[in-house]
């Protein structure tokens, strides 16, 4: 499988793993403190062929993803589930994911809207047990996996659902299939 867009990953091990899964070009951020030079490379890549962000499903990976989204408009996102990116010792990273899971993530990329509209209200997430309650975390994980938006806490979930244009009906449908 060939990917035309540049794939942004965190480091060399991620690049090696992704290139074993698909034919592509990558850009490495080399950590969560992305400098202006790296952002400029990503901007140029976005203008020429497009960019897909595929970072580790952890806090530093989310920080990188957020920084890129804030500074480079129109990037696409691919997410690998946390459980699928864990090694036997519990370390999380794209470099630990199965090749098939990397391909799967890259076949289901999503693009946030530049102008996020709020079609979902926080009260809906509370009503559906996604923010408050003993089972909220598990329900968020299920929803995030089904909608392919990456691991999220309650606040991040609301922001992602609105950024990707999901409706209340989409959320209810995904949870019904639980």
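Quick reminder: no glycine exception, Cβ is built from N, Cα and C everywhere.
Under the heading domain 'Toprim', Swiss-Prot lists 4-100.
In the three-state DSSP classification, residue 10 (Mg(2+) 1 binding site) falls within coil. Marked as Mg(2+) 1 binding site by Swiss-Prot on the basis of sequence analysis: 10, 56.
What Swiss-Prot lists as Mg(2+) 2 binding site is 56, 58, and the listing cites sequence analysis. The DSSP secondary structure for residue 58 (Mg(2+) 2 binding site) is coil. Using a 10 Å Cβ-Cβ cutoff, residue 58 (Mg(2+) 2 binding site) registers 16 neighbours.
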Pop the Cα-Cα gap between residue 58 (Mg(2+) 2 binding site) and residue 10 (Mg(2+) 1 binding site) into the table, whole Å please.
12
Could you check the binding-site residues 10, 56 and say which one's CB has the most other CB atoms within 10 Å?
56
